[in-house]
Amino acid sequence: MTDSHYIGRFAPSPSGELHFGSLIAALGSYLQARAQRGIWRVRIEDIDPPREVPGAAATILRQLEHYGLHWDGEVLWQSQRHEAYREALAWLHEQGLSYYCTCPRSRIQRLGGIYDGHCRTLCHGPENAAVRIKQQHPVMHFHDALRGDIQADPQLASEDFIIHRRDGLFAYNLAVVVDDHFQGVTEIVRGADLIEPTVRQLSLYKQFGWRAPGYVHLPLALNEQGAKLSKQNHAPALATGDPRPVLVQALRFLGQRDVVAWQEMSVEELLRFAVAHWRLTAVPTSANVNPAFSNASR
């Protein structure tokens, strides 16, 4: 039984298999939702084909099931949501809240990486152009349920950022806002590497006139070199054997109550214990080394 007032989600991109850092985000969002008897959805963010690995999406779903993280309802695939994104782009254009930009990346790099609004009043057409938001509601700070008030970089918050790429692909910030609104997500629990784009997403909620969700940004898992575990730096995929010791490591990473007798529990019993004892206030805010690396070095 669920209380539908809370809807959370886990939204991986199929650029590779899930690793320990991915599990932290998935488990944290799952526990936050289940502890409130809420709904937990899964969305596959497959809108960037050049970065996708064939078969990765199916593997990700199998990994979630193997670790006992069963979602509610159907999986939402961003590759099937293009019409919704086109409608959102059309609405912004009709309201005068976006414009075409033909500035090359090299020009923006010369500006220090922050776009200066050069094309805002030039009335370009769509040929060989990106679409940028005409920033009306810059968000300078937001509340994170774990970290408190987070201040944004003023230049980044005020930038007219891209919502449709020159190569025809929909930008992440547009797609994620349209889909979170569509799915009724009330709180987004994800990794701290996504703190920076949050203010852009919040500004889009304001542009559309939609109610924004709450946010929780979990600590990042690092490798031995202090870099974030990611598919790009070849983080090892989650183990395919007994998921329980890995889940216990993830719970410890998240600062949760130690599960002393986990060897005597099934995966389902272990997760029920974790839900019953979940405390967001116990989650650390600083990044840390994956316990598997720490244990290996002892």
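Each residue's number is its place along the chain shown, starting with 1.
Every residue gets a Cβ built from N, Cα and C, even glycine.
According to Swiss-Prot, the L-glutamate binding site annotation covers ARG9, PHE10, ALA11, PRO12, SER13, GLU45, TYR172, ARG190, on the basis of sequence analysis. Swiss-Prot lists CYS101, CYS103, TYR115, CYS119 with the feature Zn(2+) binding site, giving sequence analysis as the kind of evidence. Per Swiss-Prot, ATP binding site is recorded for LYS231. Annotation source Swiss-Prot lists motif ''HIGH' region' at 12-22. The motif ''KMSKS' region' annotation in Swiss-Prot covers 228-232.
Highest Cβ count within 10 Å among the binding-site residues ARG9, ARG190: ARG9. Cα spacing between ARG190 (L-glutamate binding site) and CYS119 (Zn(2+) binding site): 34 Å, rounded to the nearest whole number. For CYS103 (Zn(2+) binding site), the same-chain residues lying six or more positions away in sequence with a CB closer than 8 A to its CB are TYR115, HIS118, CYS119.
SER13 (L-glutamate binding site) sits 27 Å from CYS101 (Zn(2+) binding site), counting Cα to Cα.
Confidence annotation: the motif ''KMSKS' region' (228-232) carries a mean pLDDT of 72 in the model.
Apart from the site residues ARG9, PHE10, ALA11, PRO12, SER13, GLU45, TYR172, ARG190, the chain places the Cβ of ARG43, ILE44, VAL176 no farther than 8 Å from the centroid of the site's Cβ atoms, the recorded L-glutamate location. Comparing PHE10 (L-glutamate binding site) with CYS101 (Zn(2+) binding site), their Cα atoms are 32 Å apart once rounded. Sorting the motif ''HIGH' region' (12-22) by DSSP state (H, G, I as helix; E, B as strand; all else coil) yields 3 helix, 1 strand, 7 coil. The binding-site residues considered are ALA11, CYS101, CYS119; of these, CYS119 has the fewest other C-beta atoms within 10 angstroms of its C-beta.
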